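To start, the structure itself, in C-alpha coordinates.
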(Lines of atoms letter the chains of each structure in order from A and count residues from 1; the text may use other names and numbers.)
(Lines give C-alpha, C1' and ligand atoms only; values in the text may rest on other atoms or scores of the structure.)
Protein backbone atom coordinates (compact mmCIF):
# COMPACT_ATOMS: atom_id res chain seq x y z
CA UNK A 1 0.00 0.00 0.00
CA UNK A 2 2.87 2.36 0.81
CA UNK A 3 4.46 1.71 -2.58
CA UNK A 4 1.13 2.33 -4.29
CA UNK A 5 0.77 5.63 -2.43
CA UNK A 6 4.31 6.70 -3.33
CA UNK A 7 3.67 5.92 -7.00
CA UNK A 8 0.49 8.01 -6.90
CA UNK A 9 2.38 10.92 -5.33
CA UNK A 10 5.13 10.55 -7.93
CA UNK A 11 2.50 10.78 -10.68
CA UNK A 12 1.17 13.98 -9.14
CA UNK A 13 4.69 15.42 -8.91
CA UNK A 14 5.49 14.58 -12.52
CA UNK A 15 2.21 15.39 -14.26
CA UNK A 16 0.62 18.18 -12.20
CA UNK A 17 1.50 21.38 -10.36
CA UNK A 18 -0.14 20.07 -7.18
CA UNK A 19 2.53 20.72 -4.52
CA UNK A 20 3.83 17.41 -3.14
CA UNK A 21 6.53 18.33 -0.62
CA UNK A 22 8.14 14.93 -0.45
CA UNK A 23 11.17 13.24 -1.95
CA UNK A 24 10.20 9.89 -3.49
CA UNK A 25 12.80 7.41 -4.67
CA UNK A 26 12.80 6.68 -8.40
CA UNK A 27 12.78 2.87 -8.43
CA UNK A 28 11.01 0.07 -10.27
CA UNK A 29 7.98 -0.39 -8.01
CA UNK A 30 7.37 3.35 -7.62
CA UNK A 31 7.62 3.92 -11.38
CA UNK A 32 5.26 1.04 -12.08
CA UNK A 33 2.70 2.55 -9.74
CA UNK A 34 3.33 5.96 -11.30
CA UNK A 35 2.16 4.60 -14.66
CA UNK A 36 -0.73 2.72 -13.08
CA UNK A 37 -1.76 5.95 -11.34
CA UNK A 38 -1.66 8.16 -14.43
CA UNK A 39 -5.46 8.02 -14.87
CA UNK A 40 -5.90 8.93 -11.21
CA UNK A 41 -3.56 11.90 -11.61
CA UNK A 42 -5.85 13.05 -14.42
CA UNK A 43 -8.83 12.48 -12.14
CA UNK A 44 -7.22 14.71 -9.49
CA UNK A 45 -6.87 17.53 -12.02
CA UNK A 46 -10.44 16.92 -13.11
CA UNK A 47 -11.73 16.91 -9.54
CA UNK A 48 -10.35 20.42 -8.98
CA UNK A 49 -11.99 21.61 -12.21
CA UNK A 50 -15.24 19.83 -11.30
CA UNK A 51 -15.28 21.44 -7.86
CA UNK A 52 -14.73 24.87 -9.39
CA UNK A 53 -17.52 24.29 -11.92
CA UNK A 54 -19.91 23.01 -9.24
CA UNK A 55 -19.28 26.00 -6.95
CA UNK A 56 -19.68 28.51 -9.77
CA UNK A 57 -22.92 26.81 -10.85
CA UNK A 58 -24.23 26.67 -7.28
CA UNK A 59 -23.72 30.38 -6.72
CA UNK A 60 -24.54 31.40 -10.32
CA UNK A 61 -21.10 32.92 -10.67
CA UNK A 62 -19.93 33.62 -14.20
CA UNK A 63 -21.50 33.12 -17.59
CA UNK A 64 -20.98 29.92 -19.63
CA UNK A 65 -18.59 31.94 -21.79
CA UNK A 66 -16.44 32.85 -18.79
CA UNK A 67 -16.59 29.39 -17.22
CA UNK A 68 -15.59 27.67 -20.45
CA UNK A 69 -12.52 29.88 -20.83
CA UNK A 70 -11.57 29.71 -17.15
CA UNK A 71 -11.93 25.92 -16.90
CA UNK A 72 -10.03 25.45 -20.14
CA UNK A 73 -7.01 27.31 -18.82
CA UNK A 74 -7.35 25.84 -15.32
CA UNK A 75 -6.88 22.35 -16.73
CA UNK A 76 -3.81 23.38 -18.71
CA UNK A 77 -2.32 25.21 -15.72
CA UNK A 78 -2.91 22.29 -13.33
CA UNK A 79 -0.94 20.07 -15.72
CA UNK A 80 1.86 22.65 -15.73
CA UNK A 81 1.48 23.20 -19.47
CA UNK A 82 3.43 19.97 -19.91
CA UNK A 83 1.01 18.28 -22.29
CA UNK A 84 0.29 21.46 -24.25
CA UNK A 85 4.03 21.77 -24.83
CA UNK A 86 4.04 18.21 -26.15
CA UNK A 87 1.19 19.02 -28.53
CA UNK A 88 3.12 22.01 -29.87
CA UNK A 89 6.36 20.06 -30.31
CA UNK A 90 4.60 17.22 -32.10
CA UNK A 91 2.79 19.69 -34.38
CA UNK A 92 6.02 21.41 -35.34
CA UNK A 93 7.67 18.06 -36.05
CA UNK A 94 4.79 16.59 -38.04
CA UNK A 95 4.26 19.62 -40.25
CA UNK A 96 7.96 19.77 -41.09
CA UNK A 97 7.29 16.80 -43.41
CA UNK A 98 10.74 15.41 -42.64
CA UNK A 99 11.76 11.83 -41.85
CA UNK A 100 11.22 10.34 -38.39
CA UNK A 101 14.79 11.01 -37.22
CA UNK A 102 14.61 14.68 -38.14
CA UNK A 103 11.19 14.96 -36.50
CA UNK A 104 12.65 13.65 -33.26
CA UNK A 105 15.28 16.39 -33.41
CA UNK A 106 12.61 19.03 -34.02
CA UNK A 107 10.64 17.83 -30.99
CA UNK A 108 13.78 18.23 -28.87
CA UNK A 109 14.30 21.81 -30.10
CA UNK A 110 13.14 24.38 -27.55
CA UNK A 111 12.17 26.89 -30.25
CA UNK A 112 8.49 27.28 -31.16
CA UNK A 113 7.46 27.28 -34.81
CA UNK A 114 4.44 28.74 -36.57
CA UNK A 115 2.67 25.39 -36.85
CA UNK A 116 2.99 24.86 -33.10
CA UNK A 117 1.19 28.12 -32.41
CA UNK A 118 -1.47 27.56 -35.07
CA UNK A 119 -2.20 24.00 -34.00
CA UNK A 120 -2.46 24.94 -30.32
CA UNK A 121 -4.83 27.80 -31.19
CA UNK A 122 -6.95 25.38 -33.23
CA UNK A 123 -6.96 22.74 -30.48
CA UNK A 124 -7.93 25.13 -27.70
CA UNK A 125 -10.47 27.02 -29.81
CA UNK A 126 -12.41 23.85 -30.48
CA UNK A 127 -12.13 22.71 -26.87
CA UNK A 128 -13.41 26.07 -25.68
CA UNK A 129 -16.33 25.80 -28.12
CA UNK A 130 -17.23 22.32 -26.90
CA UNK A 131 -16.93 23.41 -23.26
CA UNK A 132 -19.07 26.47 -23.83
CA UNK A 133 -21.85 24.55 -25.54
CA UNK A 134 -21.88 21.74 -22.97
CA UNK A 135 -21.74 24.07 -19.96
CA UNK A 136 -24.82 25.83 -21.37
CA UNK A 137 -26.49 22.40 -21.35
CA UNK A 138 -25.71 22.08 -17.60
CA UNK A 139 -23.58 18.95 -17.75
CA UNK A 140 -22.79 17.07 -14.52
CA UNK A 141 -19.51 18.19 -12.88
CA UNK A 142 -18.27 14.58 -12.87
CA UNK A 143 -17.60 14.84 -16.61
CA UNK A 144 -14.70 17.15 -15.75
CA UNK A 145 -13.22 14.19 -13.87
CA UNK A 146 -14.05 11.52 -16.44
CA UNK A 147 -12.38 13.20 -19.41
CA UNK A 148 -8.85 13.73 -18.00
CA UNK A 149 -9.14 10.29 -16.39
CA UNK A 150 -9.73 8.68 -19.78
CA UNK A 151 -7.15 10.75 -21.66
CA UNK A 152 -4.42 9.67 -19.21
CA UNK A 153 -5.61 6.07 -19.47
CA UNK A 154 -4.87 6.14 -23.19
CA UNK A 155 -1.46 7.69 -22.55
CA UNK A 156 -0.60 5.05 -19.91
CA UNK A 157 -1.49 2.30 -22.38
CA UNK A 158 0.56 3.83 -25.20
CA UNK A 159 3.55 4.38 -22.91
CA UNK A 160 3.42 0.74 -21.78
CA UNK A 161 3.01 -1.01 -25.13
CA UNK A 162 4.21 1.41 -27.83
CA UNK A 163 7.62 1.28 -29.45
CA UNK A 164 10.02 3.87 -28.05
CA UNK A 165 11.34 6.48 -30.47
CA UNK A 166 14.65 6.82 -28.63
CA UNK A 167 16.54 5.43 -25.66
CA UNK A 168 16.66 8.74 -23.79
CA UNK A 169 14.03 11.11 -22.43
CA UNK A 170 11.08 10.88 -20.09
CA UNK A 171 9.29 8.04 -21.85
CA UNK A 172 12.44 5.92 -21.97
CA UNK A 173 13.28 6.55 -18.30
CA UNK A 174 9.84 5.23 -17.33
CA UNK A 175 9.59 2.44 -19.89
CA UNK A 176 12.62 0.54 -18.59
CA UNK A 177 10.66 -0.34 -15.45
CA UNK A 178 7.23 -1.19 -16.88
CA UNK A 179 5.41 -3.69 -19.10
CA UNK A 180 1.98 -4.25 -20.64
CA UNK A 181 0.78 -5.48 -17.23
CA UNK A 182 1.05 -1.94 -15.92
CA UNK A 183 -1.23 -0.76 -18.73
CA UNK A 184 -3.77 -3.36 -17.60
CA UNK A 185 -3.51 -2.05 -14.03
CA UNK A 186 -4.02 1.53 -15.23
CA UNK A 187 -7.07 0.56 -17.29
CA UNK A 188 -8.60 -1.43 -14.42
CA UNK A 189 -8.15 1.50 -12.02
CA UNK A 190 -9.63 3.85 -14.63
CA UNK A 191 -12.62 1.53 -15.07
CA UNK A 192 -13.22 1.43 -11.31
CA UNK A 193 -12.98 5.22 -11.06
CA UNK A 194 -15.32 5.66 -14.03
CA UNK A 195 -17.79 3.26 -12.41
CA UNK A 196 -17.81 5.43 -9.29
CA UNK A 197 -18.57 8.46 -11.45
CA UNK A 198 -21.46 6.55 -13.00
CA UNK A 199 -22.93 5.66 -9.62
CA UNK A 200 -22.23 8.81 -7.62
CA UNK A 201 -21.47 11.49 -10.21
CA UNK A 202 -24.52 11.32 -12.40
CA UNK A 203 -22.60 10.60 -15.61
CA UNK A 204 -24.97 8.73 -17.98
CA UNK A 205 -23.96 5.18 -18.92
CA UNK A 206 -24.11 5.87 -22.66
CA UNK A 207 -21.99 8.99 -22.29
CA UNK A 208 -19.34 7.07 -20.34
CA UNK A 209 -19.37 4.26 -22.89
CA UNK A 210 -19.06 6.67 -25.82
CA UNK A 211 -16.16 8.50 -24.17
CA UNK A 212 -14.34 5.26 -23.35
CA UNK A 213 -14.76 3.92 -26.88
CA UNK A 214 -13.63 7.21 -28.45
CA UNK A 215 -10.47 7.32 -26.32
CA UNK A 216 -9.73 3.65 -26.97
CA UNK A 217 -10.02 4.16 -30.73
CA UNK A 218 -7.80 7.24 -30.57
CA UNK A 219 -5.09 5.44 -28.58
CA UNK A 220 -5.23 2.34 -30.79
CA UNK A 221 -4.97 4.50 -33.90
CA UNK A 222 -2.20 6.62 -32.42
CA UNK A 223 0.16 3.69 -31.85
CA UNK A 224 0.88 2.78 -35.51
CA UNK A 225 0.68 6.43 -36.54
CA UNK A 226 3.32 7.71 -34.10
CA UNK A 227 5.57 4.74 -34.82
CA UNK A 228 5.45 5.61 -38.52
CA UNK A 229 5.66 9.40 -38.23
CA UNK A 230 8.08 9.79 -35.31
CA UNK A 231 9.73 6.40 -34.95
CA UNK A 232 7.81 5.65 -31.77
CA UNK A 233 6.64 7.07 -28.48
CA UNK A 234 8.20 10.07 -26.70
CA UNK A 235 7.10 12.24 -23.81
CA UNK A 236 5.92 14.86 -26.31
CA UNK A 237 3.81 12.28 -28.13
CA UNK A 238 2.14 11.27 -24.87
CA UNK A 239 1.40 14.91 -24.08
CA UNK A 240 -0.09 15.41 -27.54
CA UNK A 241 -2.28 12.33 -27.08
CA UNK A 242 -3.57 13.66 -23.77
CA UNK A 243 -4.35 17.13 -25.13
CA UNK A 244 -5.84 15.84 -28.35
CA UNK A 245 -7.79 13.22 -26.43
CA UNK A 246 -9.36 15.78 -24.12
CA UNK A 247 -10.51 17.93 -27.02
CA UNK A 248 -11.88 14.88 -28.81
CA UNK A 249 -13.77 13.73 -25.71
CA UNK A 250 -15.31 17.15 -25.11
CA UNK A 251 -16.35 17.04 -28.75
CA UNK A 252 -18.06 13.70 -28.12
CA UNK A 253 -19.91 15.18 -25.13
CA UNK A 254 -21.01 18.11 -27.29
CA UNK A 255 -22.24 15.79 -30.05
CA UNK A 256 -24.20 13.67 -27.58
CA UNK A 257 -25.89 16.72 -26.06
CA UNK A 258 -26.55 18.25 -29.48
CA UNK A 259 -28.17 15.01 -30.63
CA UNK A 260 -30.27 14.79 -27.48
CA UNK A 261 -31.50 18.37 -27.83
CA UNK A 262 -31.93 18.24 -31.58
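Backbone N, Cα and C atoms are what each Cβ position is placed from, and that goes for glycine too.
The feature transmembrane segment is assigned by Swiss-Prot to 37-57 (among others), with sequence analysis given as support.
The transmembrane segment annotation in Swiss-Prot covers 58-78 (among others), and the record cites sequence analysis as its basis.
Feature annotation from Swiss-Prot assigns transmembrane segment to 112-132 (among others); the stated evidence is sequence analysis. A Cβ distance under 8 Å defines the sequence-distant neighbours of the transmembrane segment (112-132), meaning residues of its chain 6+ beyond its ends; these are 64-65, 67-69, 71-72, 84, 87-89, 91-92, 94-96, 243-244, 246-247, 250-251, 253-254.
The transmembrane segment annotation in Swiss-Prot covers 139-159 (among others). Among residues of the same chain six or more beyond the transmembrane segment (139-159), those with a C-beta under 8 A of the stretch's C-beta atoms are 15, 35-36, 38-43, 45-47, 49-51, 53-54, 57, 71, 75, 171, 174-175, 178, 182-183, 186-187, 190, 193-194, 197, 200-203, 207-208, 211-212, 215-216, 218-219, 222-223, 226, 233, 237-238, 241-243, 245-246, 249-250, 253, 257.
What Swiss-Prot lists as transmembrane segment is 183-203 (among others).
Per Swiss-Prot, transmembrane segment is recorded for 205-225 (among others).
Annotated transmembrane segment per Swiss-Prot: 237-257 (among others), in sequence order.
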Same-chain residues at least 6 beyond the ends of the transmembrane segment (205-225) with a Cβ under 8 Å from one of its Cβ atoms are 143, 146-147, 150-151, 153-155, 157-158, 161-162, 194, 197-198, 237, 241, 244-245, 248-249, 252-253, 256
Same-chain residues at least 6 beyond the ends of the transmembrane segment (183-203) with a Cβ under 8 Å from one of its Cβ atoms are 32, 35-40, 43, 140-143, 145-146, 149-150, 152-153, 156-157, 159-161, 212
Given the transmembrane segment (37-57), its same-chain partners at Cβ distance under 8 Å and 6+ residues beyond its ends are 4, 7-8, 10-12, 15-16, 18, 67, 70-71, 74-75, 78-79, 135, 138, 141-153, 155-156, 159, 186-187, 189-190, 193, 242
